[in-house]
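> Swiss-Prot lists HIS205 with the feature active site, proton acceptor, giving similarity to another entry as the kind of evidence. Taken from Swiss-Prot, the feature NAD(+) binding site applies to GLY36, ALA37, ALA38, GLY39, GLY40, ILE41, GLY42, ASP62, ASN122, ILE145, SER146, ASN147, MET256. Look at Swiss-Prot and you will find ARG109, ARG115, ASN147, ARG181 tagged as substrate binding site, backed by similarity to another entry. Look at Swiss-Prot and you will find 1-22 tagged as transit peptide, backed by experimental evidence.
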Amino acid sequence: MFRSMLVRSSASAKQAVIRRSFSSGSVPERKVAILGAAGGIGQPLALLMKLNPLVSSLSLYDIANTPGVAADVGHINTRSEVVGYMGDDNLAKALEGADLVIIPAGVPRKPGMTRDDLFNINAGIVKNLCTAIAKYCPHALINMISNPVNSTVPIAAEIFKKAGMYDEKKLFGVTTLDVVRARTFYAGKANVPVAEVNVPVIGGHAGVTILPLFSQATPQANLSSDILTALTKRTQDGGTEVVEAKAGKGSATLSMAYAGALFADACLKGLNGVPDVIECSYVQSTITELPFFASKVRLGKNGVEEVLDLGPLSDFEKEGLEALKPELKSSIEKGVKFANQ
């Protein structure tokens with residue numbers, strides 16, 4: 001997690017320096033590539049990954065404007081070296097040797113845009129990028145941010161299968177923003193410090209497929225069923241809330257970048273052998289009848305070390321689980337069909 005530390009100098013005029021760090025300890029060489037680094041999510045994500053001391057090489061790729069982002073971020077005096085790559089001809093260089101690839105590429109959601117609209121654009125982008133990943137860094141961990149994640153992760157899996165390079169332990173749909181929102185909203189209603197809150201979120205990463213398990217939230221609070229229902233609904237509609245608040249001028253870019261950086265840090269910790277790194281993610285799974293499902297996973301040197309059981313669910317959550325399955329199943333099938341057409 002991020003930690004902010006305010007350092008004040010008493011010898012000179014009062015000055016404050018905010019130092020942000022993620023993890024400490026052993027720091028092996030790790031290359032992280034961000035595909036879509038010049039976009040609304042990509043730029044703040046690049047900044048946050050530049051602040052992560054676990055990253056030794058930060059590779060920024062996009063179809064345009066990447067050199068400027070790389071130059072800007074590259075002036076920050078942290079460990080990683082930054083290189084920007086632009087255009088199809090440089091994608092291979094951006095990917096070669098990557099330990100972790102984060103994909104926020106694609107168009108953001110706008111008011112009035114349907115999921116089909118989003119799918120029709122972003123599915124093709126993801127397909128092309130994953131084809132390159134399979135060729136140039138087939139053993140990297142993949143963090144999929146590009147929406148609709150419920151479909152783009154199955155697309156990626158199919159592309160890797162075709163290339164003979166699929167490792168289900170290394171493909172992740174980033175659902176961390178759902179967890180971040182659930183924690184924030186729960187803390188507000190439970191009147192507890194948000195830093196102490198944890199809420200597992202299962203299912204998928206869109207609308208009703210997002211199912212926060214407030215019955216498993218810590219610390220526990222005695223909230224009414226009406227409040228829990230409202231919290232669930234707000235978590236599911238969090239993306240729409242931001243899109244509407246920005247009035248057509250963007251989607252959840254900053255909070256998504258923060259969530260993406262949190263999950264990437266967890267993946268790097270796992271790669272480096274830190275024990276008991278557990279996060280929620282949308283992965284290949286057998287805990288339900290669906291081939292992909294978001295739940296708590298234990299991260300390690302090979303990516304997913306273990307997909308954890310769902311644990312006890314309330315009656316409301318059991319109903320939500322059954323209700324989300326048809327839509328999630330349809331989204332998965334849509335992705336598989338696209339990848340194979």
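Heads up, the Cβ atoms here are built off N, Cα and C, so glycines get one too.
Mind running through what each feature is packed against?
In the three-state DSSP scheme, HIS205 (active site, proton acceptor) is classed as coil. Residues near HIS205 (active site, proton acceptor) in space but far in sequence (CB under 8 A, at least 6 apart, same chain), listed by position: ASN147, PRO148, VAL149, ASN150, GLY173, VAL174, THR175, ASP178, TYR282, ALA294.
Every protein chain shown contributes to the tally, and the Cβ of GLY42 (NAD(+) binding site) ends up with 27 other Cβ atoms within 10 Å.
Proximity of ARG181 (substrate binding site) to non-local residues of its own chain (separation of 6 or more, Cβ distance below 8 Å) is seen for ARG234, THR235, GLY238, SER255, given in sequence order.
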> Return the count of C-beta atoms lying within 10 angstroms of the C-beta of GLY36 (NAD(+) binding site), excluding that atom itself.
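A 10 Å sphere around the Cβ of GLY36 (NAD(+) binding site) contains 25 other Cβ atoms.
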> Among GLY36, ALA37, ALA38, GLY39, GLY40, ILE41, GLY42, ASP62, ASN122, ILE145, SER146, ASN147, MET256, recorded NAD(+) binders, what is the largest CA to CA distance in Å?
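Answer in Å: the longest Cα-Cα distance is 18.
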> Tell me the Cα distance separating ARG109 (substrate binding site) from MET256 (NAD(+) binding site), rounded to the nearest angstrom.
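A Cα-Cα distance of 13 Å.
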> At the level of the C-alpha atoms, what whole-angstrom distance separates SER146 (NAD(+) binding site) and ARG109 (substrate binding site)?
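Cα to Cα, SER146 (NAD(+) binding site) and ARG109 (substrate binding site) are separated by 10 Å.
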> State the Cα to Cα distance, in Å, between ASN122 (NAD(+) binding site) and ARG109 (substrate binding site), rounded to an integer.
11
